[in-house]
Amino acid sequence: MKKAEMGRFNISPDEDSSSYSSNSDFNYSYPTKQAALKSHYADVDPENQNFLLESNLGKKKYETDFHPGTTSFGMSVFNLSNAIVGSGILGLSYAMANTGIALFIILLTFVSIFSLYSVHLLLKTANEGGSLLYEQLGHKAFGMVGKLTASGSITMQNIGAMSSYLFIVKYELPLVIQALMNIEDTNGLWYLNGDYLVLLVSLVLILPLSLLRNLGYLGYTSGLSLLCMMFFLIVVIFKKFQISCPAEIAFLVNETVNSSLTQPATFLPDMGFNRTESDSCQPRYFIFNSQTVYAVPILTFSFVCHPAILPIYEELKGRSRRRMMNVSKISFFAMFLMYLLAALFGYLTFYGHVESELLHTYSSVMETDILLLIVRLAVLVAVTLTVPVVIFPIRSSITHLLCASKEFSWWRHSVITVSILVFTNLLVIFVPNIRDIFGFIGASAAAMLIFILPSAFYIKLVKKEPMKSVQKIGAMFFLLSGIVVMTGSMALIVLDWVHNAPGGGH
């Protein structure tokens, strides 16, 4: 360990003065679910730039001198916004339809504030613990168990994100092909079957890109994804004023939805909207039903960006914890508004008949709309190019765990890549609904990354604050809240699965 490495923090003494332990992992930089952050060392073998576990740069004789951040404040805000926004935005209208407007806003506010608070804990823990690597903080706090827990949570979150992207391909690509080919009768056409199309896209497009040894241009897909989601938001708002609320929406959703969804609307009778035709298009503010349990996991899934916080912090020009918190506040507030508007206008368009993937709901009432077709194409391109970015850190983590001391092997590289893709494709084919991905990952990995791990690391590693201090008591309360959220949400989701299993309720 070298003392010079700690100089790279460049923390203002008046702000973060504390005794740091040394750390050899500050050269770390990796892509999140949306972004591939630029590495300091472009010449490092990509497979050895460990994205999920501690870097083994001892073998590479690099300088560990003071390294100031080079990314501007505005670009850091953009990078963090890229890391936050993801496919979860497509499920927010469904969450609002099962909570009501007022309850959704309350939950969204609390989840965003809690997520921001966990960023505060994570940054302070990084300074005290002397590491800018999430998993290394786990190792410093709880040894190998902490390291594996952090690594496993991030890997689960990445697999969930990748699955949600492929679900979008499964849902939307058949509709795009149908619209482009002007096909009326879809019965028996294999190229309109979502399962076949996911396999085809994975084999022809995603696999070759995923086999690359470095990310290259794929790193720019983060910006493309954010732009696509902003375009999606604009279209959602515009369509609210173009689509009147037809009384027959429920019929349309159940009868005309494309076969790429596995029983897509069978959960509608259980949604708790017992209304007449006259009030079917009236907004509701508080709703409690069997699907309300998915709201918090969907929201937590949508706000996970914590593995990207430390790399962005490392790159920040004029690096200080206060400056990074300002970056986080602006990014979280921007995404809060974006999520709220997308959920609100999507809900006010379809009310209680929103599907778990909002974009697919439009196919029930506007099958041939050109603007929606453009949105679908943009989203499909973005998510298809993002999947290899997400595979990269998962593969690096597995390689490090299983073959850390071995030289690079194309055979091993290919087998791990194919295995990840096969596993994810099986999830997408056999898990009936994207809501289940949002719910399960949001209740497990996302809850770990937002609530449990940052607070646990803070309690363990920040030594200068006594356990009876307000800060430690707050962190302890946050930890307990995370455990309650995770166990409660998981239990209710499993109960919902069991309850609906006989009738195929998903």
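Here the Cβ of each residue, glycine as well, is placed from N, Cα and C on the backbone.
As annotated by Swiss-Prot, topological domain 'Cytoplasmic' applies to 1-76 (among others), with the evidence given as similarity to another entry.
For 1-23, the entry in Swiss-Prot reads region 'Disordered'.
The phosphoserine annotation in Swiss-Prot covers Ser12 (among others) and rests on similarity to another entry.
For Ser21 (among others), the entry in Swiss-Prot reads phosphoserine.
Annotated phosphoserine per Swiss-Prot: Ser22 (among others), in sequence order.
Annotation comment: Swiss-Prot describes Ser55 (among others) as phosphoserine.
Summarising the annotation, Swiss-Prot assigns transmembrane segment to 77-96 (among others) and lists sequence analysis as the type of evidence.
Residues or ranges marked as Na(+) binding site by Swiss-Prot: Asn82, Thr386.
A Cβ distance under 8 Å defines the sequence-distant neighbours of the topological domain 'Extracellular' (97-102), meaning residues of its chain 6+ beyond its ends; these are 271-272, 283-287, 289, 291-292, 294-295, 344, 347, 350-354. Residues or ranges marked as topological domain 'Extracellular' in Swiss-Prot (evidence: similarity to another entry): 97-102 (among others).
Per Swiss-Prot, transmembrane segment is recorded for 103-123 (among others).
According to Swiss-Prot, the topological domain 'Cytoplasmic' annotation covers 124-158 (among others).
The transmembrane segment annotation in Swiss-Prot covers 159-177 (among others).
What Swiss-Prot records for 178-188 (among others) is topological domain 'Extracellular', and it gives sequence analysis as the kind of evidence.
The transmembrane segment annotation in Swiss-Prot covers 189-209 (among others) and rests on similarity to another entry.
Per Swiss-Prot, topological domain 'Cytoplasmic' is recorded for 210-217 (among others), and the stated evidence type is similarity to another entry.
Summarising the annotation, Swiss-Prot assigns transmembrane segment to 218-238 (among others) and lists similarity to another entry as the type of evidence.
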Paired segments the transmembrane segment (330-350) and the transmembrane segment (159-177) in contact, 3+ CB pairs under 8 A: no
The transmembrane segment (437-457) in contact with the transmembrane segment (473-495), cutoff 8 A, at least 3 CB pairs, sep 6+: yes
Contact between the transmembrane segment (293-313) and the transmembrane segment (414-434) (3 or more Cβ pairs under 8 Å, separation 6+): no
Asn82 (Na(+) binding site): secondary structure state under DSSP, collapsed to three categories: helix
Model confidence over the topological domain 'Cytoplasmic' (458-472) (mean pLDDT, whole number): 90
Cβ atoms near Thr386 (Na(+) binding site) (within 10 Å, other residues, all chains): 27
The topological domain 'Extracellular' (97-102): DSSP-derived helix, strand, coil residue counts: 3 helix, 0 strand, 3 coil
Contact ranking winner - 77-96, 103-123, 414-434, 473-495 against the transmembrane segment (159-177), Cβ under 8 Å: 414-434
